[in-house]
Amino acid sequence: MAVRASEISRVYEAYPEKKATLYFLVLGFLALIVGSLFGPFQALNYGNVDAYPLLKRLLPFVQSYYQGLTLHGVLNAIVFTQLFAQAIMVYLPARELNMRPNMGLMWLSWWMAFIGLVVAALPLLANEATVLYTFYPPLKGHWAFYLGASVFVLSTWVSIYIVLDLWRRWKAANPGKVTPLVTYMAVVFWLMWFLASLGLVLEAVLFLLPWSFGLVEGVDPLVARTLFWWTGHPIVYFWLLPAYAIIYTILPKQAGGKLVSDPMARLAFLLFLLLSTPVGFHHQFADPGIDPTWKMIHSVLTLFVAVPSLMTAFTVAASLEFAGRLRGGRGLFGWIRALPWDNPAFVAPVLGLLGFIPGGAGGIVNASFTLDYVVHNTAWVPGHFHLQVASLVTLTAMGSLYWLLPNLTGKPISDAQRRLGLAVVWLWFLGMMIMAVGLHWAGLLNVPRRAYIAQVPDAYPHAAVPMVFNVLAGIVLLVALLLFIYGLFSVLLSRERKPELAEAPLPFAEVISGPEDRRLVLAMDRIGFWFAVAAILVVLAYGPTLVQLFGHLNPVPGWRLW
């Protein structure tokens, strides 16, 4: 064992980013686990079952449904997704380029995220920041929540610099060459997030922090909401694109095939850079004070964002068909049966993609200026984003552990652990699909979101059937979560090591249609130009409205309703 440990230490000396990536992953999945433990209580609430009295006995610090909902949303939708992105979208390009990232900055970003998380968590646990994950003013939390959250989010700016520095060094050593695919995805992803995160940074610096410190009397809720949704919608793609990077560059290899088109993958990511951010007003269709013309423009741009996802569906499906036919699949659908359905690293993202199809269709409804009024602020909305982040993103992250943990730690995954992983991803998928049906159905029956409806059990008798779906989903997902916890820690705490696993290259897929000698690829590789175009689009989409809103500020004092 000592020999094995020394060999692993040697691997970490050669590739120190492995240990930092592992720290990001473990912290992220711990956040997912803790946040998800509150999930069944939310599901039971939407099944008209009030389980919060039981939760208060188990966890006395939980004072209300809304505190549990805040913890669930913050830990799952913000903390887990960000830490997973900081792990994947730094480690993958570093390994593709075979270059060492700036380790001082990588550890700085981890410590910023960790300290920010701890500082923000303390008021959350003390019921001093029960403001939900959207933290809309005039709901006012403790200053430590806003300060910790700001430090946590700003840690991503360090990650941005790390990847841009990797790319710059590679370009300097390889003049005239096209950026490799994974690195291209990472650079575009982080530039997209920089533009997107500016809204949240402005909200925190200009309003939330001075307000919570008592330096100003109040905040204009409409301005704060507008700045939040500047970030709040593109954060969906901050969740999504690390999963897409895995689906494009790792999944075809797991399936036994190749990626059919490198240029299509690049174009999809480039479109996300251009179109992800100037779309936030579709979350504010019901808000006064914003010109309907701008709402319509954002609605149209939101519909355009569906295009790169449709391109992804085509490219990935073609890649999987190629893999299935290489594995002996015949006939119209025989290739599907031939795919490796015994491999959780393959099954998890594929099931996530299947769930993403109705999730994307629901997103078209949300983006519509007229249809959104039917489902706005109903249970339909959490039904939609559970198909996005809780299905595709989370399942892809879970599946990635089966090739990533051995590469980071040298710890093998046994056949029994893989079988357990299959059970987890199928149960998780089943639970999310049942929940999606229940929440979408309840939303169409005007059951509201963000509501403690179990306290008024007679209010929605017409929604009794979809409520049964939500209860069933909560039970299935709890079983899946407990099995996942057992499986994850059985690997992390294992003493068996095989250093050759940690020394092996990542399973990047080969491509059929590559980037060589293509004018489109050369044009897309002018990333600085496209970033400037994206920035101009953001200024055009938000500038006129923000100028108007900042010229007519209406600050109101903070409220505490919990």
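Yeah, the Cβs are placed from backbone N, Cα and C, and that goes for glycine too.
Swiss-Prot annotations:
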TRANSMEM  21-41  transmembrane segment
BINDING   HIS72, HIS386  Fe(II)-heme a binding site
TRANSMEM  74-94  transmembrane segment
TRANSMEM  105-125  transmembrane segment
TRANSMEM  144-164  transmembrane segment
TRANSMEM  187-207  transmembrane segment
TRANSMEM  227-247  transmembrane segment
BINDING   HIS233, TYR237, HIS282, HIS283  Cu cation binding site
TRANSMEM  267-287  transmembrane segment
TRANSMEM  345-365  transmembrane segment
BINDING   HIS384  heme a3 binding site
TRANSMEM  385-405  transmembrane segment
TRANSMEM  420-440  transmembrane segment
TRANSMEM  471-491  transmembrane segment
TRANSMEM  527-547  transmembrane segment
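Among the stretches 105-125, 385-405, 471-491, the one making the largest number of Cβ pairs under 8 Å with the transmembrane segment (420-440) is 471-491.
Nearest Cα neighbour of HIS283 (Cu cation binding site) among the listed binding-site residues (HIS72, HIS384, HIS386): HIS384. The transmembrane segment (527-547) makes no contact with the transmembrane segment (21-41): fewer than 3 of their CB pairs lie within 8 A, with pairs spaced 6 or more apart in sequence. Counting residues 6+ beyond its ends, the transmembrane segment (385-405) has Cβ neighbours under 8 Å at 25, 28-29, 32, 76-77, 80-81, 84, 88, 236, 239-240, 242-243, 246-247, 250, 254, 343-349, 351-353, 355-356, 358-359, 362-363, 411, 413, 418, 421, 424-425, 428-429, 432, 435-436, 439, 484, 488, 491-492, 506-507 in the same chain. Between the transmembrane segment (21-41) and the stretches 74-94, 144-164, 187-207, 267-287, 345-365, it is 74-94 that has the most C-beta pairs under 8 angstroms. Ranked by the number of CB pairs under 8 Å to the transmembrane segment (74-94), the listed stretches 105-125, 144-164, 187-207 are led by 144-164.
Proximity of HIS386 (Fe(II)-heme a binding site) to non-local residues of its own chain (separation of 6 or more, Cβ distance below 8 Å) is seen for MET432, MET435, ALA436, LEU439, given in sequence order. In this structure, the CA atom of HIS72 (Fe(II)-heme a binding site) is 24 Å away from the CA atom of HIS282 (Cu cation binding site).
Comparing 105-125, 187-207, 227-247, 267-287, 345-365 for CB pairs under 8 angstroms to the transmembrane segment (144-164), the maximum falls on 105-125.
Across the structure, HIS233 (Cu cation binding site) and HIS384 (heme a3 binding site) are spaced 13 Å apart at their Cα atoms.
Taking the C-alpha positions, the distance from HIS384 (heme a3 binding site) to TYR237 (Cu cation binding site) comes to 14 Å. Using the Cβ center of HIS233, TYR237, HIS282, HIS283 for Cu cation, the list of other same-chain residues with Cβ within 8 Å runs, in sequence order, TRP229, GLY232, PRO234, VAL236, VAL279, GLY280, THR302.
As a quick check, the transmembrane segment (267-287) and the transmembrane segment (227-247) clear the bar of 3 or more Cβ pairs under 8 A, pairs 6 or more apart, so the two touch.
Taking Cβ-Cβ distances under 8 Å and a sequence separation of 6 or more, the neighbours of HIS282 (Cu cation binding site) in its chain are HIS233, LYS295, HIS298, SER299, THR302, ASN366, ALA367, PHE369, ASP372. There are 24 other Cβ atoms within 10 Å of the Cβ belonging to HIS233 (Cu cation binding site). Within 10 Å of the C-beta atom of the residue listed as 'heme a3 binding site' sit 22 other C-beta atoms, taking all shown protein chains into account.
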